[in-house]
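Just below is one structure, and these are the notes that go with it.
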Amino acid sequence: MCGIVGAVAQRDIAEILIEGLRRLEYRGYDSAGLAVVDNEKNMFRLREVGKVQVLADEVDKQPVLGGTGIAHTRWATHGEPNEKNAHPHVSDYIAVVHNGIIENYEELRVQLIALGYQFISDTDTEVIAHLVHWEQKQGGTLLEAIQRVIPRLRGAYGAVIMDSRDPGTIIAARSGSPLVIGLGVGENFLASDQLALLPVTRRFIFLEEGDIAEVTRRTVRIFNTQGKPVEREQIESNIQYDAGDKGIYRHYMQKEIYEQPMAIKSTLERRLSHGQVDLSELGPNAAKLLAKVEHIQIVACGTSYNAGMVSRYWFEALAGIPCDVEIASEFRYRKSARRSGSLLITLSQSGETADTLAALRLSKELGYLTSLTVCNVAGSSLVRESDFALMTKAGAEIGVASTKAFTTQLTVLLMLVAYLGRLKGVDAEQEQEIVHALHALPSRIEGMLSKDKIIEVLAEDFSDKHHALFLGRGDQYPIAVEGALKLKEISYIHAEAYAAGELKHGPLALIDADMPVIIVAPNNELLEKLKSNIEEVRARGGLLYVFADQDAGFTDSEGMKIIPLPHVEELIAPIFYTVPLQLLSYHVALIKGTDVDQPRNLAKSVTVE
């Protein structure tokens, strides 16, 4: 949600700021702006509603010169998406960009109005600008003023601030919303996501919770919550990402669907050996500690939560470990029993999801045995704060609707199931079966992608529909949930998912000739039960679309279309059956003409509550 870019350099940095914002477009936004200070201490500010390109066009019309600047893409929380609410916000010579929410902004606003400040916008961000301005007038440096302001702010935020009277310095403050410093040669940068800075540097410092950083062209000074100078680790990034390169694909989502075989291969690389899963990357003490796990608690949001629901079936059936899955925003506010023998697993593509981070921190207070994160971004907050981390190696995922991050999360979770099962004394033959299935997975998905044209034609049936129902059983039920989420995210069709056995308990009332029902039907022990559910829908005139194993015994009939899929190993069937539902959602969205990569009202990384 939202994006921040900042730069301090000897060269003009407007183009760097604009390019950084372009690389953050995938996070979702409704307006964009920048402020640049030149060597004569003149500040130039420009804000536009709409795409970053609108801002770029305005910059082209009136060249913006200067080597110190900040820029922002805004996703509205306080105040409508219009120019006056777009960032940066200013108070005389102070300019601020900010991600997150200041929970006590109304109280601060009243205090500032009493001091004579006038508010132009409806945002919570403007209080930061005025507070810093007020503290500056009381004396001290910009850094000292900000250090006095921060304790007065309640909420989760990341803010970058500059003073036009002091070109060559920008200050960053992190409290719950990610910020990263990019290290250059005679120039330094700031952003909310390292992707924004890849054209100018590969060296990064990730700010930790409560950090305040003073960044100049040649120096970076970081202070912790006690105001003491601290050193933070420098990380060399190997992420490959070209924001403008969709290659032969129309959208990032389409590209990322097709990248899944390679993403899974990368995720499996060096982790499968001689019929075993090799997770030695967890360190020498991991096996001894994880062998003590008596219960697993998974917390996640959105698509990652659906991955957690699939893995619950695996952890219990294959590793024999009791497992619960909970939405992170519910877990963090529920009064939980203490869990001394419990492993907390967090799932997040970005590693910065606010509710998931809060759940991790809560688990430490509750006495959990240990924590492990499955994440796609090295150096992210979840990776740094968890005891153990297993990285998905999906590469940058730009489309808001997650595809390859989901399937690589499931891939890692299945490896973890095999590893924990071995620690618990599960038969070695089962681990060998998991390893065999995982080896086969990339080629199985490549075969699935060859069905794309069939699904493209099928999608035409959905162009005039307003609702859809997804059904599955067992570990395919969460896949039905994920399919419904994808369809509603990018095509704006209202879609719900149920365990097929729940039809009689309510959803059957929705079935009529205008309600498409999408069913995932692998050839497993639940197939006959699922066929009974299918007949219940047929008897009531429902429109059935069944993604079925080619050996499951289905044939097309009136009111029922069968999409036959190649047989796949049962262990990896949930991952495999995800792909046709991704393709269906993508093609329906194309037909409806929605913004596939940046669907309305949604953001890629939700870093606030």
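Glycine too: its Cβ is placed from the backbone N, Cα and C atoms.
Residues annotated as active site, nucleophile in Swiss-Prot, with sequence analysis given as evidence: Cys2.
Annotated active site, for Fru-6P isomerization activity per Swiss-Prot: Lys604, in sequence order, evidence recorded as sequence analysis.
The annotation domain 'Glutamine amidotransferase type-2' is assigned in Swiss-Prot to 2-218.
The annotation domain 'SIS 1' is assigned in Swiss-Prot to 286-426. Model confidence over the domain 'SIS 1' (286-426) is summarised by a mean pLDDT of 94.
Per Swiss-Prot, the feature domain 'SIS 2' maps to 458-599; the stated evidence is sequence analysis.
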Number of other Cβ atoms within 10 Å of the Cβ of Cys2 (active site, nucleophile) across all protein chains:
26
Residue counts for the domain 'SIS 2' (458-599) under DSSP, helix then strand then coil, are 68 helix, 32 strand, 42 coil
The domain 'SIS 1' (286-426): DSSP-derived helix, strand, coil residue counts
63 helix, 28 strand, 50 coil
